[in-house]
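Copied over from TrEMBL:
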ACT_SITE  Ser119  active site, phosphoserine intermediate
BINDING   Asp69, Asp355, His359, Asp396, His397, His482  Zn(2+) binding site
BINDING   Asp69, His181, Thr183, Glu350  Mg(2+) binding site
SIGNAL    1-20  signal peptide
Amino acid sequence: MRSFTLQILLALHTVLGVFSSPFHAKRYRKTQLEDQTYWNRIAQNELHRALGQQWNTNVAKNVILFLGDGMSIPTLTAARIYKGQLSKRGGEEGSLTFENFPHVGLSKTYNVNKQVSDSASTATAYLTGVKTNYKTVGVDGSVTHNDCQTMFEGNKVHSIVKWAQDAGKRTGVVTSTRLTHATPAATYAHVPNRDWECDGSIEVEHFEKCPDLKDIARQLIEDEPGNSINVIMGGGYQNFDANATGLPNDPLDDDTHKCQRKDGRRLTQEWMDKKEAIGAKYAFVRSKSDLSNVDIAATEYLFGLFSNGHIPFEYEKVKKNLDIPTLAEMTVAAINVLERGPNGYFLLVEGGRIDHGHHDSHAHMALDEAVAMDRAVEEALRLINREETLIVVTADHAHTMSISGYPARGQDITGLAAIGNDGLPYTTLMYANGPGYNYTVIHEDDDDDDDFEVARWNITQEQATSWEYTQLAPVPMTSETHGGDDVAIYATGPMSHLFHTLHEQNYIAHAMAYAACIGANNDHCEGHKNPTSTENFLSTADLSTKQITPDRLTEFTYSQDEKDGAMQISSIPNLVIAMIAALWLRQ
């Protein structure tokens, strides 16, 4: 009886919702007649560009890696359309700036022990050239997550930032996340747990087991290559300064992995003291205003911390008129400092909050952050010489967002798609799992086939296009998960043709280093040999002598499968609980 009553209420809700809020979707209509002449001309122009493309085989004096965290291929498609619609166009016919790069490949994003990776293990792969385990940073696969006793000097792996510094190049790291977050951390840190961003996030037992253990923030300030990075800009001030306080527009970070220093240290001041001691010209900035006042020509080292936690989303900077630079503005400042080094530079720029928009199932935010990173790429292209600068744009992993529902051409990508069989509208962008599950009501059918029905609450176009609208999801998760899809790699500049097919993710570091004649694999660089102490980068000669045969690879994979199988046995109690729950529901 209760189930029947619930169905009646849901039916009434559906009928009233449909009639009170008729479906409408915003649409940007095209004015161009797209007949056969139009499409033939488009194809011919594209063909001529392809035929005229020549390889640039110069040595890359500079390398810029743009990393869109969580920038899956559906994110690229949706962001492309969103970018066009910001200019009152349909969007489908346009492109992101980097989508016009001449060379494109794909990257496989799995890691040593997971089909679907996190940002720490993937960053280690594309920055150090070595794949590793889930949630570990700057170490190889012999290190166990959260176990400091499995980490030692021999299984730490060094990033392309160190290779560049060893070759006399300047280096920079720019991010919209905390500077101690997974992606930037992989440029300089080595930890068995990515969450150890400051000492306050490490349990006492780990310090007891490993007395010399350092949190990620300390490694940036105290150790190489972190201490020698010329430009470091992002968020996470409270991870560096024990005296950090919250402000109305910059509260103390209180997310799942909140971190506050317990050792009483002010690492930002220690950084400045170190630069004073060596007579270096430096600037430490906390705001956009501070950054705009920096004398770039007189600055060798630039340290910017613009928020206690992650840097606010780009739309928040505008809405609240925050004194915080955009990702594009940080990128410009970084290049202006780095290009003054005579031997070139390596720069990592991370659009890190694309990922956070996805995790919250706020697709509008994720797309806006992707377009913000695209603006940073556009600004970089304006400043660099393409004949001597390699630019690579890629992502670390995917997300579960999909584009679906047969919306009309030019329909608002962040809005409604169509009407479902239940008579309710649904959005073009949705997730496979996430907090959007809370926007559904589930109940059991009256019949005996043990089916469940899902009824969605009615939504309007205005709600769907708002910044904080939570997209629907069929599987309940507090935070939407990553996806295991391949991600795209776009490249332009010297040796950019090395990105041309489906690649293992760790190949990215090797290819960038080869192009720049840094690291160990530089035998091809006559007159550009750069000695390095890095040992985890194999040269062509190394590969021929290591004799890594298919049999050995199979043996290694098999041993990993056995280990994973043992881990699965431990999940049997969860299976029993699920079976009991299913039997209870049958009653």
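Note: Cβ is positioned from N, Cα and C throughout, glycine not excepted.
Everything TrEMBL records as a feature, shown here on the structure.
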| residue | record | Cβ contacts under 8 Å, 6 or more apart |
| --- | --- | --- |
| Asp69 | Zn(2+) binding site | Ser119, Thr177, Thr183, Glu350, Gly351, Gly352, Arg353, Ile354, Asp355, Ala395, Asp396 |
| His181 | Mg(2+) binding site | Ser119, Thr175, Glu197, Gly234, Gly236, His310, Gly352 |
| His359 | Zn(2+) binding site | Gly70, His399, Gly434, Ser479, Glu480 |
| His397 | Zn(2+) binding site | Gly70, Ser72, Thr109, Val116, Ser117, Asp118, Ser119, Thr122, His482, Gly483, Gly484, Val487 |
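Residue density at Glu350 (Mg(2+) binding site): 30 other Cβ atoms are found within 10 A of its Cβ, drawing on all protein chains shown. Of all the recorded positions listed (Ser119, Thr183), Thr183 sits in the most crowded Cβ setting, with the most other Cβ atoms within 10 Å. Sitting within 8 Å of the Cβ centre of Asp69, His181, Thr183, Glu350, and not among those site residues for Mg(2+), are the Cβ atoms of Leu67, Ser119, Ala123, Thr175, Ser176, Thr177, Ala182, Pro184, Gly351, Gly352, Asp355, Asp396.
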